[in-house]
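Have a look at the structure below before the remarks.
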Amino acid sequence: LLQDAHNSSVLNNDVLGAFLQSGRVAGLSRPVVIQFWHDIVLDASNATCVFWQPGAGAGSTGHWSREGCETRHREGTVICHCNHLTYFAVLLVPVATLSPAQLASLTYLSTIGCSVSAAATLCTLLLYCFSSTPHPPGSCRRRQRDNTTRIHMNLLAALLLLNSSFLLSTLVAAGAEELCRVTAAMLHATLLCTLAWMAAEAFHLFLLLIKVYNIYIQHYLLKLCLFTWGLPTLAVVAIFLFKGDTYGYLTISTSEGYRNTTMCWLTSQPAHYATLCYAGLILLFNTLVLGRVLMILRRIQRQKGQARKDWATVLGLTCLLGTTWGLAFFSFGVFLIPQLYLFTILNSLQGLFICLWYVTVHRQSKLGSVSNTSR
């Protein structure tokens, strides 16, 4: 009888009724306090104090309402403050979960995408190693070009490690717990390093296009490596040594509980939120830099046919700066399923997109060099 349209459940199946014989009590200046004890882990976003509102008509059964009730959470207790008397309960609204078919398709997409990106990044790194030749000391422009290419290669190396760690995490999840923790820590470290290299790409782009003056930073690439490789790795090692239970088995639930999947990842909510904040700050900075670049491109007097090249540049910069990772902040409500598919496709193939962009730019620069030489 006490059911709603979302098939929500009542905590411990407990419904408490409080009444006075004198009649209906409502609008109390001092709320009534009702406590519901429990021994399960609750999410404060989906455990809410409610009361039963009877239906107005003969055919209406009624519904749960939150009006006049405030929900507070303590360890093992949900405390309801309500300004009226009626039937009270704590309603557990089901969190949106994936169907087994959706989880299987997302798993296939991420596995294929990460595999293709890992192969593409590896081929590009090998191409760079075999095709690059040492240049004699030259102008500042030559040095900036070399630094730009090296930053691209470091980002591709970070993506290669990230894709490999992700593919390994699902395989290792069926093995020993200690090995799973190591794999989860490696996946976390490579994610932080990849995001840091995206920030380095944005910072370097800021120096090249926005700060148009020749700015010389001593040991520039070494300092970037300390920031992008050193700090994230040091943070993950410290977490692993002093709070190893932060990493372990993570179960991704489906609407049918017996068809879940497991991977090695973060098991601590504070660490998860700290990682989201870290990614959010980097993506905010990268988005601001990308927006500034778009403004610069609009101000440039385009020649005929230049617009297509500008849009190709924008798409390439979008991949380099990782702005598509911002889709992770739209995983709620009606956006959940479309966001998961877009996030999986775009970000698992990020390495491939960067490789295609780099090879195209590298080929154009080679053709330009040959043309200038012939002249």
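For all residues, glycine too, the Cβ spot is worked out from N, Cα and C.
What TrEMBL says about a protein is an automatic prediction, not a curated fact.
Marked as domain 'GAIN-B' by TrEMBL: 1-98. Per TrEMBL, transmembrane segment is recorded for 76-96, 108-130, 151-174, 186-209, 221-242, 271-290, 311-334, 340-359. The annotation domain 'G-protein coupled receptors family 2 profile 2' is assigned in TrEMBL to 106-362.
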Given a Cβ distance threshold of under 8 angstroms, which distant residues of the chain, six or more beyond its ends, lie next to the transmembrane segment (221-242)? 147, 150-151, 154, 158, 181-182, 185, 188-189, 192-193, 196-197, 199-200, 203-204, 271
Between 76-96, 271-290, 340-359, who has the most Cβ pairs under 8 Å to the transmembrane segment (108-130)? 340-359
Counting only residues at least 6 beyond its ends, the same-chain positions whose CB falls under 8 A of a CB in the transmembrane segment (76-96) are 2, 4, 6-11, 14-20, 24-29, 31-39, 42-43, 46-52, 64, 68-70, 333, 336
Confidence summary (mean pLDDT) of the domain 'GAIN-B' (1-98): 76
Hey, does the transmembrane segment (340-359) touch the transmembrane segment (271-290), meaning at least 3 C-beta pairs closer than 8 angstroms, sequence gap 6 or more? no
